[in-house]
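A.B. asks: Would you mind keeping the following structure in view while I ask a few things?
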Amino acid sequence: MPGGAGAGVGRRRGPTRLVVLGLLIAAGCVSYIDRTALAVSTVEIGREFGLSYTDLGLLLSSFATVYMLCQIPAGLVADRVRARRLLLFSLLVWSAAQILSAFSTGMGGLLAARGLLAIGEAPIFLAGTRVIALWFDRGRRAMPIGLFNASSALGQVLAPALLGGIAVQFGWRAMFGVVGCTSLVLAVIWAWVYRDPRTVAAGRGEDAPPPTIAEEIRFLLSHRSSWALAGGFVGVVYLQWLYAAWLPTYLQTARHAAAARADYLSSLPQLAGFLGGLGGGVVSEVLGRIGWPAARACRVPLVAALFVAAAATILAPLCPTMVLSLVAMSVALFAAGIAMTCGWTLGTVLIDDGSIATLEAIQNMGGSLGGAIAPVLTGAITQRTGSFTMAMVVAGLVAALSGIIYWVGTGRRIEA
């Protein structure tokens, strides 16, 4: 394994690696519960503050917009700062953001809190992937990355049922307070339990100094694969944010489900997304074990999954019943989960370990662009057309285009 980033992995295996992975899964799950909390109470917040679909779309997209802008800085920091300190800072900031959300008195306050939440959560999956690269060999990363990425879908599974119940019983402000305090508890656990591998100096080899920021960015952006990773990830995250931001509202307004029932029904497609995230890791690892090159073992299922997700998303609003629509959306999110895991793993096998977080930041910046566009464009299209149908057709086309970008652009490893 190149550099020093993987050299010390073999000294700390077994249960310790499982504890590290468990902490990352918990952090990923809680981060998505936190960022999904707003979508759970969109209808109630919109009614209290007198917001239109367009206003709600802007509010829902504010997180992804700030998150996108923070990706490159967060990736550069994650490649240079020890994960224990960085993720502790991250957890503390996003805990504060959620607690502040509970005291918001209008759209402006919620926008500010969502921006702070995005700043806090920006490093989580970049630094977490860097941690996995330190603890797991290159050929054995698909499964842990699959579990880590699936934690995001697990958070979206748990959020509607858990937070919806709190919001119905005690109001949306109490809901934000609970999730903020939960994140604070996780921050304490992380600080107490996690330690970086002692053999890793500042996240890189002991002898090799890191390149300058300008050199690293210039090197990565000079390769077509970096741009393709970013462009392809737009569609993956666009799909996920379409459902994360608008699924409860879609079920209430288009399928006429009661608010409490819509929250629980929203968990079903998200559960499929969680299983898809796990499945992506399994598929990539199995293909690798039967002799496929690591990049191909990620790329082929990634592209296939995006086309399946695109077709299912386009079909979902055309289904005659809510049950069939939920089935189609479950298929879409299952496939999107596979695409998420395979896309994220692909970035780790196309580059040496020392620049993983920065490359993933470039990819995630593209994904965050999709995440920023999806809620606001969906809201605007729905406001104009009076239904979600055209918005979901657009989402399907974006996903299909991303599949083409991945297939055409990620055939080469990123190296000097």
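Positions of Cβ are set from backbone N, Cα and C atoms, glycine also.
Any TrEMBL annotation is an automated prediction that lacks curation.
As the structure is a computational prediction, the values presented were derived from the model and not from experiment.
So TrEMBL says this about it:
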TRANSMEM  18-38  transmembrane segment
TRANSMEM  58-78  transmembrane segment
TRANSMEM  85-103  transmembrane segment
TRANSMEM  115-136  transmembrane segment
TRANSMEM  148-168  transmembrane segment
TRANSMEM  174-194  transmembrane segment
TRANSMEM  227-247  transmembrane segment
TRANSMEM  267-288  transmembrane segment
TRANSMEM  300-318  transmembrane segment
TRANSMEM  324-350  transmembrane segment
TRANSMEM  362-382  transmembrane segment
TRANSMEM  388-408  transmembrane segment
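I would like each feature placed in context: is it buried or exposed, what are its neighbours, and how far apart are things?
C.D. replies: Through the fold, the transmembrane segment (18-38) approaches residues 45, 59-60, 63, 87, 91, 94, 98, 101, 110, 114, 117, 121, 124-125, 128, 131-132, 135, 144, 147-156, 158-160, 162-163, 175-176, 179-180, 182-183, 186, 189-190, 193-194, 244 of its own chain, all at least 6 residues removed from its boundaries and within a Cβ separation under 8 Å.
Packing against the transmembrane segment (148-168) from elsewhere in the chain are residues 21, 24-34, 36-37, 39-41, 44, 125, 128-129, 132, 174-175, 178-179, 240, 243-244, 248, 259-260, 262-264, 266-267, 270-271, 273-278, 280-281, 333, 337, 340-341, 344: each is 6 or more residues past its ends and has a CB under 8 Å from a CB in it.
Listed by sequence, the residues of this chain that lie at least six past the ends of the transmembrane segment (174-194) yet keep a Cβ under 8 A from its Cβ atoms are 19-20, 23, 26-27, 30, 33-34, 37, 40-41, 83-84, 87-88, 91-92, 94-99, 101-102, 163, 166-167.
Within its own chain, the transmembrane segment (300-318) has Cβ neighbours under 8 Å at 232, 235-236, 239, 242, 254, 276, 280, 283-284, 287, 292, 325, 328-329, 331-333, 335-336, 338-339, 342-343, 346, 387-389, 392-393, 395-397, 399-400, 402-403, 406-407, counting only residues six or more beyond its boundaries.
Residues 228-229, 231-236, 238-239, 242, 246, 250, 253-254, 299, 302-304, 306-307, 309-314, 316-318, 336, 343, 346, 370, 374, 377-378, 381-382 of the same chain lie 6 or more positions beyond the ends of the transmembrane segment (388-408) yet place their CB under 8 Å from a CB of it.
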A.B. asks: Might you confirm whether the transmembrane segment (267-288) is in contact with the transmembrane segment (227-247), defined here as three or more C-beta pairs under 8 A between residues 6 or more apart in sequence?
C.D. replies: yes
A.B. asks: With CB pairs under 8 Å as the measure, which of the listed stretches 58-78, 267-288, 362-382 comes out on top against the transmembrane segment (324-350)?
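C.D. replies: Of the candidates 58-78, 267-288, 362-382, 267-288 scores highest.
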A.B. asks: Hey, which bits of the same chain come close to the transmembrane segment (362-382), Cβ under 8 Å, at least six residues off its ends?
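C.D. replies: That would be 53-54, 56-58, 60-61, 63-65, 67-68, 71-72, 75, 125-126, 220-221, 226, 229-242, 245-246, 343-344, 347, 388, 390-391, 394-395, 398.
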